[in-house]
Amino acid sequence: MAVVIRLLGLPFIAGPVDIRHFFKGLTIPDGGVHIIGGKVGEAFIIFATDEDARRAISRSGGFIKDSSVELFLSSKVEMQKTIEMKRTARVGRGRPGSGASGVGNVYHFSDALKEEESYSGYGSSVNRDAGFHTNGTGLDLRPRKTRPLKAENPYLFLRGLPYLVNEDDVRVFFSGLCVDGVILLKHHDGRNNGDAIVKFASCVDASGGLKCHRSFMGSRFIEVMQGSEQQWIEFGGTATEGGDTPRMRSEEHSPSRRINGRHFRKRSHSKSPRARSRSPLGFYVHLKNLSLNTNKRDLRNLFRDTDLTNDQIKFVYKDERRTRYAFVMFKNQKDYNTALGLHKTVLQYRPVLIDPVSRKEMVRIIECYEKKRPESLEKERPGRVSQKYSQEGFSGSGQKLCIYIRNLPFDVTKGEVQKFFADFSLVEDDIYLLCDDKGVGLGEALVRFKSEEQAMKAERLNRQRFLGIEVLLRLISEEQMQEFGVKSSWLSNERTQACSRSHDGDDCSCLFDLKDPSSCSFGQSESLRYHPKDLRKMGHFKHPQGYFRQSDRRSPEDFRHSPEDYRHPWEEHTSHSREEDWRLPLEDWKWSQEDDFRQCHEKDRRQLRSPWEEDFRRPSQEHFRRSYQEHIRQPPEEHFRRSREEDFRHVADEDFRQASDEDFRTSQEDLRYPTDEDFRRVSVEDLREVPEKDLRLPKNFRSPGEEFWTPPDFRGQHPFGNFDHLQGGKFDFEKYKFGSFPDAKVTSDLNLNCVSDKIIPVKISNLPFKANASEILDFFHGYKVIPDSVSLQYNEQGLPIGEAIVAMTNYNEALAAVKDLSGRPVGPRKVKLSLL
């Protein structure tokens, strides 16, 4: 049900748009605003529902155009009587020389009022949303002494149009008449204000248009009055070609004149002087906050309702780089007002600020930004690219083709960075991973793109989460990239390939200058001569292809000393095979570490002697270009024909005291892949709990006649401990077999006191209830976690209890994860890690 509200205190300059804005959020039907004006600033507003009216009354005391307004509950009868009284007062005063025409207008208005009441939902008696004129007085701004029956010129002025009207609606309103052009007037914000000026083909057509005065367009009656050519030109139209328009023109020439005039209006500038422009600033606008990717085509699409070409658009440059400013020149005030109405329109995710500007101010701004010449700019830049490099393929010094990435994991690889920029065609030569003088990753990288456009698109990935961490991106130039010690791939391609071959496929994962020791970790053979203590600190520097840890390899200088000099005091227990931890007493072991290499045949010794014995004093660079697998060639197959059970039976027959040479031959499994676990030094933690009195047979050791090895399905006793508490979880250890994990290694020894090579479960407590397996894997990034081993724990009702269990590949990784990650947050909670 419609409810009428009476408003008092409306300012003189306020209109229906201001009233609707004041009641923003409430439903006011089309034609529901009726401005009476007068000394008290009276108006009536119709609301669609009682709830809207109640909320509107609560806004009493608000401000419209800095004027306080009061709201009262009214009715349709009161509104209608007030409008009738206002009309009667206007007719009673009369206009000079109006005569009976004024009475006719009153009767015409009454008939229109009755006709509208017959189908109107709320009996409005005035033109909807037009009311009387928007000045609030109800008086015409251009009063005329008498209403002419014939038009003086082909221009008519319309008032009271609906706000959503277009040119076609106006032509339909004047159906049967030749309309030459229509200009809809707008507010400063680009919205229609309900006025328009129409140009007809002749004065005869204009006289016919005057007869449409107070005719209805939809639910509104339109006021039609005589206009002028000056108004037409002032509002963006073009002057008539060939001087003044004749008063009378034959109707048979009207269609051709209409067509020519319409085309002429679109293709020509106004011949009127600039002094006639309503805007003192001219037809120039200043665009701010533009995206750097915006081009002239985008601006033409933004101002699609205007007549705009590329020559009218000017982008502002500073130091040969695009800024976020631009200037646009319009040909008429109509397009100018339309452009100003698009203020703060979003273009390419940025709100564009459109401000009016004068020609003088525009020229001053352009000269201020572009006063420096390119020659002077090149002299000012200390890091400019030389002409030689430019001829070899360098882009312009002003282009920013590189991205500087920070906050990456320290062991990130090029392949992972490529996945982050999956939408861009990058190769590994375009990615540079930064590392310190010891080769440890800094968690930073440089990426070069083929074009500046791709680099700017890639910069949009700033603050995106990558490998569980929010990375930071910054666009830099190639000169800034070279300050990091990085040279472009096409300038040092040969040097880069030599560096890549020297450490088995880009081992250092970065392409720095080889002459800079702080930039290259493994570029020359000298970088391999680190002390073993330094090499152990680089355990997390991963090989990009085989995940082979360079830091775990021993330097050739380790073999220059005798075994007695090389061994540390704590290594006395580890100089023999791990099998002898439970076979022989420590004092019965007679062979040194060097004798292990003498058990092989002479043919095998020649294969192993070249890199380890003969050339260890002066290792050439060729030995480091080949992979370590090439140095250790696979021995003949007859060395592996004997099973391990036969070896143990042979030792048992001799009472564990006279072991033959065959027992300590290097096994096939140890020579299969030289992984990091094969050359790993036994840590103090592994030997901390190995006393001499504990060198006894393990519980699960079987006699020589029995089957020694654990069945492949692991359905018997669990070799890793008791996992009965995992029955409520998802992780099933039965499906995980030795060798099924690429990072896990099953050793060939039986030293069960050292569990560093066993799968160790880690329990995570105080997890968020909504945590999933992916978040847990991101939390353990950088640690050797079996991907499919994440087991979220649930209660009997199937709800998560905030706990999970993951499996680590060895004891050292599990212990390091517990020490480093315990107390770290996962979401809003700090989790607690413990070994099981």
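Cβ coordinates come from backbone N, Cα and C, glycine included.
Summarising the annotation, Swiss-Prot assigns compositional bias 'Basic and acidic residues' to 244-255 (among others).
The compositional bias 'Basic residues' annotation in Swiss-Prot covers 259-277.
Here Swiss-Prot flags 550-572 (among others) as compositional bias 'Basic and acidic residues'.
What Swiss-Prot records for 154-229 is domain 'RRM 1', and it gives sequence analysis as the kind of evidence.
Sequence annotations record features per position, and here Swiss-Prot assigns domain 'RRM 2' to 283-359.
Taken as a whole, the domain 'RRM 3' (401-478) shows an average pLDDT of 86 in this prediction. Among the features that Swiss-Prot reports, domain 'RRM 3' is placed at 401-478, with the record citing sequence analysis.
As annotated by Swiss-Prot, domain 'RRM 4' applies to 760-836.
Taken from Swiss-Prot, the feature phosphoserine covers Ser703.
Look at Lys758 (N6-acetyllysine): DSSP puts it in coil. Its Cβ placed at the centre, Lys758 (N6-acetyllysine) has 18 other Cβ atoms within 10 Å. For Lys758, the entry in Swiss-Prot reads N6-acetyllysine.
Sequence annotations record features per position, and here Swiss-Prot assigns region 'Disordered' to 237-277 (among others).
The region 'Disordered' annotation in Swiss-Prot covers 539-572 (among others).
What Swiss-Prot records for 620-644 (among others) is region 'Disordered'.
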Helix, strand and coil residue totals from DSSP for the domain 'RRM 3' (401-478) stand at 21 helix, 27 strand, 30 coil
What DSSP reports for the domain 'RRM 1' (154-229) is 16 helix, 32 strand, 28 coil
